[in-house]
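Q: Okay, these came from TrEMBL:
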- HIS73: active site, proton acceptor (ACT_SITE)
- ASP74, VAL77, GLY79, ASP81, SER83, GLU95: Ca(2+) 1 binding site (BINDING)
- PRO171: substrate binding site (BINDING)
- HIS201: heme b binding site (BINDING)
- THR202, ASP248, THR251, ASP256: Ca(2+) 2 binding site (BINDING)
- CYS42-CYS122: disulfide bond (DISULFID)
- CYS75-CYS80: disulfide bond (DISULFID)
- CYS128-CYS324: disulfide bond (DISULFID)
- CYS208-CYS233: disulfide bond (DISULFID)
- 32-328: domain 'Plant heme peroxidase family profile' (DOMAIN)
- 1-30: signal peptide (SIGNAL)
- ARG69: site 'Transition state stabilizer' (SITE)
Amino acid sequence: MALSSSSSSVAINIVLLAFFFLILTGSSSSAGLSPNFYSKSCPRLFNTVQSVVHSAVSKERRMGASLLRLFFHDCFVNGCDGSILLDDTSSFKGEKTAGPNNNSVRGFEVIDAIKSKVEAVCPGVVSCADIVAIAARDSVVILGGPDWKVKLGRRDSKTASLAAANSGVIPPPTSTLSNLISRFQAHGLSAKDMVALSGAHTIGKARCTIFRARVHNETNIDSSFAKARRKTCPSTSGSGDNNLANLDFVTPNNFDNHYFKNLIAKKGLLHSDQVLFNGGSTDSVVRAYSKNPKAFESDFIAAMIKMGDIKPLIGSKGEIRKNCRRAN
């Protein structure tokens, strides 16, 4: 049956309304974040962040790994909201002194320097949470890793939680494989995502106190590798605790797939590294990444983007901090 002209116009209007509704709701998908979020409000953002990160990593290659880790430790505690950057106040105890972070997480001064430069070119526009996300990407690229478009539009938390950071949501270096998988799955990240993100240990260093038990007590470790690590990490607690070792002893300053080759050779520095290749369900993923660096890079990018989607503050939630260390 043919529609009258008035009926057809009503039908068209309904279709148009439905279309615009899809556009509106679609714009809030993928956690409401977009790579183009600051394209008009702060067009110089990326160049500004990159210049500071490049300078910091040029001075100390390890800083690239530290900035990448900062993003992970922020996102895993109540989402990617910049809460890890907040100093303690009289009204709350922040995350910096939590077990996984104390004497371990670093790079706060670099974030401060980036924020200062960004505020100079577009004051009150860019969140600290987004700065951490961009700095993590830039660190990977500067150290020879893959590039990707960082989704942006996060706002900053007004508070932080020591209890949340200490609750075990950040898996410790003593983790079993099942614990690693479950901790990542709790944030919507698969076992494959977890292995790919663990590949970030292709750069950076760890303190003796973190790997002492592995190099002295564990058996699924190459004997010559363990012997070399013991030279700078005595078995006695309190002796050489802060001595550092490269997480990837082959190419410690290059973002590549040597981390996975090391695991196959039983040369993972941390217990939580070697459990990824120890007769368990993730062995096949480690083997694949050891043979195919492009597959690792592709999966790492996908996992980093997924991690960046963890519970962001968007819209009117949170704030844009003037100083990353304190709420406005």
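Including glycine, each Cβ sits where the backbone N, Cα and C put it.
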Q: Using Cα coordinates, what distance in whole Å links CYS128 (disulfide bond) and ASP81 (Ca(2+) 1 binding site)?
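A: Rounded to a whole number, the Cα-Cα distance is 8 Å.
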Q: On a C-alpha basis, identify the one among ARG69, HIS73, CYS122, PRO171 that is nearest to ASP81 (Ca(2+) 1 binding site); the candidates are the recorded positions.
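A: Of all the candidates listed, HIS73 is nearest in space.
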Q: In whole Å, how far does the CA atom of THR202 (Ca(2+) 2 binding site) lie from that of ASP74 (Ca(2+) 1 binding site)?
A: 20
Q: Any idea what the Cα distance is from CYS324 (disulfide bond) over to SER83 (Ca(2+) 1 binding site), rounded to a whole Å?
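A: About 9 Å separates the two Cα atoms.
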Q: Ten-angstrom check, please: count other Cβ atoms within 10 Å of the Cβ of HIS73 (active site, proton acceptor), all chains counted.
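A: The Cβ of HIS73 (active site, proton acceptor) has 21 Cβ neighbours within 10 Å.
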Q: For ASP248 (Ca(2+) 2 binding site), list the number of other Cβ atoms lying within 10 Å of its Cβ atom.
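A: Within a 10 Å radius of the Cβ of ASP248 (Ca(2+) 2 binding site) lie 27 other Cβ atoms.
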Q: Beyond the listed site residues THR202, ASP248, THR251, ASP256, identify every same-chain residue whose Cβ lies within 8 Å of the center of their Cβ atoms for the Ca(2+) 2 site.
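A: Apart from the listed residues, the neighbours are ILE203, VAL250, PRO252, ASN254, PHE255, ASN257, HIS258, TYR259.
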Q: Based on Cα distances to ASP248 (Ca(2+) 2 binding site), point out the closest of the recorded positions ARG69, GLY79, CYS122.
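A: Closest by Cα: ARG69.
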Q: Fewest other C-beta atoms within 10 angstroms of its own C-beta: which of the binding-site residues ASP74, ASP81, GLU95, ASP256 fits that?
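A: It is ASP256 that, of the binding-site residues ASP74, ASP81, GLU95, ASP256, has the fewest other Cβ atoms within 10 Å.
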Q: How big is the Cα-to-Cα gap, in Å, between CYS208 (disulfide bond) and HIS201 (heme b binding site)?
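A: So the alpha carbons of CYS208 (disulfide bond) and HIS201 (heme b binding site) sit roughly 16 Å from each other.
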Q: If we count other C-beta atoms within 10 Å, could you say which of the recorded positions ARG69, HIS201 has the fewest?
A: ARG69
Q: Measure from the Cα of CYS80 (disulfide bond) to the Cα of every one of the recorded positions CYS42, CYS122, PRO171, HIS201, ASP256, then give the nearest.
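A: Considering only the listed recorded positions, the nearest one is PRO171.
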Q: What are the non-local neighbours of CYS42 (disulfide bond), defined as same-chain residues 6+ apart in sequence with CB under 8 A from its CB?
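A: For CYS42 (disulfide bond), the qualifying residues are VAL118, VAL121, CYS122, VAL125, VAL126.
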Q: My understanding is the cutoff is Cβ-Cβ under 8 Å with a sequence separation of 6 or more in the same chain; which residues meet that for PRO171 (substrate binding site)?
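A: Listed in sequence order: ASN179, LEU180, ARG183, PHE184, SER272.
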Q: Would you please pick out, from the binding-site residues THR202, THR251, the one with the fewest other Cβ atoms within 10 Å of its Cβ?
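A: Comparing Cβ neighbours within 10 Å for the binding-site residues THR202, THR251, THR251 has the fewest.
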